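Database features (TrEMBL):
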{"type": "DOMAIN", "residues": "16-189", "note": "domain 'FAD-binding PCMH-type'"}
{"type": "ACT_SITE", "residues": "R167", "note": "active site"}
{"type": "ACT_SITE", "residues": "S221", "note": "active site, proton donor"}
{"type": "ACT_SITE", "residues": "E316", "note": "active site"}
Amino acid sequence: MQVLRDVALSELLWYRIGGTARYLLEARGRDDLCRAVEWVAAQRPDRVFVIGLGSNLVFPDGYFDGAVIRVVRDDGGSLCHLGDGRIEGYGGEVLDRVIRFAFDEGLVGLEWAGGLPGTLGAAVRGNVGAFGGEMTDCLESAEVVALGEPGDAVRTLSHADLAFAYRDSYVKRAGNLIVLSATLALEPADPARLASARETYEANVRYRHSRHPMELPNCGSVFKNIHRREQVERVLAVWPDIEERVRNDWHGKVSMGYIISRLGLAGYQVGRARVSEKHNNFIVNLGGARAADVRAIIARIQAAVEATFGFVPEVEIELID
Ligand SMILES: Cc1cc2nc3c(=O)[nH]c(=O)nc-3n(C[C@H](O)[C@H](O)[C@H](O)COP(=O)(O)OP(=O)(O)OC[C@H]3O[C@@H](n4cnc5c(N)ncnc54)[C@H](O)[C@@H]3O)c2cc1C
């Protein structure tokens, strides 16, 4: 396990935003990760933060006086077909590698995640989902290692232990657990089904490239769509003309992209961060954006929504203090 000092996080994180970390612990496999946890127990840095690809994070601009553990391995080398459609892999494997490994082994069930950036471990933690699929649908168990717990800190959590909920899991709620490995239960498929799953995967990747501003660094959808009944009603009280879209197009929710656009904030820019015109619920980094720029845009959107409807929309990305 490599321990690097004074590392510019903006060079590592997907969003290309973030200051300098005092220590970066590179955990490219399970032994590395266990050593990183031991290092933290011995050195007791003031702060510890775990990152994967950083595709959902806005890291602060200043000095991070602590240790960042980077759980990333992107060569597919830890993946193993255990038989019966079960795949095991290190938590740092990039999800896309896992999907392609599964296809090569004749297995389907992960194609919904085509084009979704991130690592296997973060996907388990956040129960990521897209196009009707979610991690909980195919996750059998996960090995986790606990930061700051004495003794042998590795344990296996079953699907039931992981207690998945919408974009949530026991790992996320516990706060000090790192996903060391995960075992997925996928389905063996005949050639026709495999070909169809590959097509679905490709279509999902294409959809993301056509709808999302993938050409610029971003961190996914910034706000959750409005889903609480009373908030949907408040929006409809001000904009009754969108009732049909809420019912038919947005499954009872109100699209935050739509709200941002209708409030005139598409293209709103602070510093080098800008509300994407391609998808208004994304804030892109035009190059050299700072966390403070992104936060200022978020605050502006929240203020406009509050002034119009009387509530503050919830942020979906992780803003680190
Ligand atoms: C263009 C774009 C589209 C996206 N679309 C979707 C989508 O459709 N659906 C969806 O659900 N998400 C989506 N996201 C969000 C993102 O892909 C997920 O949150 C993903 O799981 C983040 O993975 P990561 O490796 O980048 O994690 P990071 O962003 O590095 O970290 C996210 C969180 O996971 C924790 N973490 C990282 N690794 C581990 C580990 N091994 N063990 C425990 N905790 C860990 C971190 O501490 C942090 O709290 C999108 C993001 C982008 C940029």
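Backbone N, Cα and C define each Cβ position, glycine as well.
Those TrEMBL annotations? Automatic predictions, nothing curated.
Here the residue listed as 'active site, proton donor' comes close to M256, N281, F282, E316, I317: these same-chain residues lie at least six apart in sequence, with C-beta atoms under 8 angstroms from its C-beta.
Reduced to three states, the DSSP call for R167 (active site) is coil. Residues near R167 (active site) in space but far in sequence (CB under 8 A, at least 6 apart, same chain), listed by position: G126, N127, V128, G129, E316. In the three-state DSSP classification, E316 (active site) falls within coil.
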